[in-house]
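Per Swiss-Prot, substrate binding site is recorded for 57, 58, 59, 60, 113, 118, 119, 120, 124, and the stated evidence type is sequence analysis. The annotation active site, nucleophile is assigned in Swiss-Prot to 58. According to Swiss-Prot, the site 'Important for activity' annotation covers 103, on the basis of sequence analysis. Under the heading NADP(+) binding site, Swiss-Prot lists 193, 194, 195, 196, 197, 198.
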């Protein structure tokens, strides 16, 4: 990307891993908390990286950024997570320049989501953009790229039906409960964790189960109380967790902690219990599988569920791809203009210097020289010359490099390459 005069880093990379090759455990090793994202960005800045975005969801962790070599970004990820380079190499992907651009469009528009048409990732991209911008880590390229991805995402939402129907991890969990549990409205349901996934799950539970026995527990009680107040639900203290699990028929875990919050010891083994773990890393310990009366389902299983809604969405993929191609092509055309932006800027400066020298010469020769009119006329001439050069460079992409070289040679624009 050095030809585009955008970053000190030679190339634009996407490095990351997703549900496609990395299971929940490995994704958990590479998941980033809000604090670790911040520390990663601060280190990137210290190391001279001038353009970088970081996202981490239950389905993927990715870094988009400029670097001399992708290992700069891989090293940052491994240093701020529990993952190793060896683990990363087995399941990861690395995309460079145009491929990296294509990938972020695919991800940001929901076509690469574990549940087709789930647009949660676009909000994560927006948050990542704001976080990086606050640290001065968003260059012109990243700003334009993220805005283009947001534009494509909006158009796909508005012009296709790829996101119609309730389909998300939170909805899939409720759908699973409805399919596998009889008389759901009579069961005691405990929701542990009231972050974004927890809130969405709570709304879907209330809407689809008609259950009046839903209890919320969160480490920070006031968060649970705000949600409970909206739906008239019960809130219990975190200290009551074990007792509430014992009273429950269904336990939904959406705590988002870095280590398991539910272990075998917390569960009463003689009662049937369905546990849905919606967290990455896994928040329910694997030893829970040893309990005969307990059925543990992780979000990866829920995300694989297909229903009529998902099948219906697939027919809109070609239309969505057309929109992406259109917006991505527009972005790439803008990117090509970055190639000649420094030359155009240097040419304008050169013409202005030539103009000033000539006006000074004429001013000395002509006694009644009209400075104001001369400035207006000469500036308009420069403007027209610049427009012709710019139009030529935009219109003939195949010979852009040769044209730039000729302009730089004719007008002696040595500063462009400095």
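A Cβ is built for glycine as well, from the same backbone N, Cα and C atoms used for every other residue.
Separation of the C-alpha atoms of residue 58 (active site, nucleophile) and residue 198 (NADP(+) binding site): 13 Å, rounded to the nearest whole number. Looking only at the binding-site residues 57, 113, 124, the one with its C-alpha closest to residue 198 (NADP(+) binding site) is 57.
Rounded to a whole number, the distance between the Cα atoms of residue 103 (site 'Important for activity') and residue 113 (substrate binding site) is 12 Å.
Distance from the CA of residue 197 (NADP(+) binding site) to the CA of residue 119 (substrate binding site) is 13 Å. Sequence-distant neighbours of residue 103 (site 'Important for activity') (same chain, 6+ apart, CB under 8 A from its CB) are 14, 93, 95, 112. Note: the substrate site is recorded as 57, 58, 59, 60, 113, 118, 119, 120, 124; in the same chain, 114, 121 also have Cβ atoms within 8 Å of that site's Cβ centroid. All protein chains shown were included, and the count of other CB atoms within 10 Å of the CB of residue 197 (NADP(+) binding site) stands at 24. Separation of the C-alpha atoms of residue 59 (substrate binding site) and residue 197 (NADP(+) binding site): 13 Å, rounded to the nearest whole number. Neighbouring residues of the recorded NADP(+) site, listed in sequence order and excluding 193, 194, 195, 196, 197, 198, comprise 199, 200, 201, 254, 255, 256 (Cβ within 8 Å of the Cβ centroid).
When the alpha carbons of residue 194 (NADP(+) binding site) and residue 57 (substrate binding site) are compared, the span between them is 16 angstrom. Across the fold, the C-alpha of residue 197 (NADP(+) binding site) and the C-alpha of residue 57 (substrate binding site) stand 11 Å from each other.
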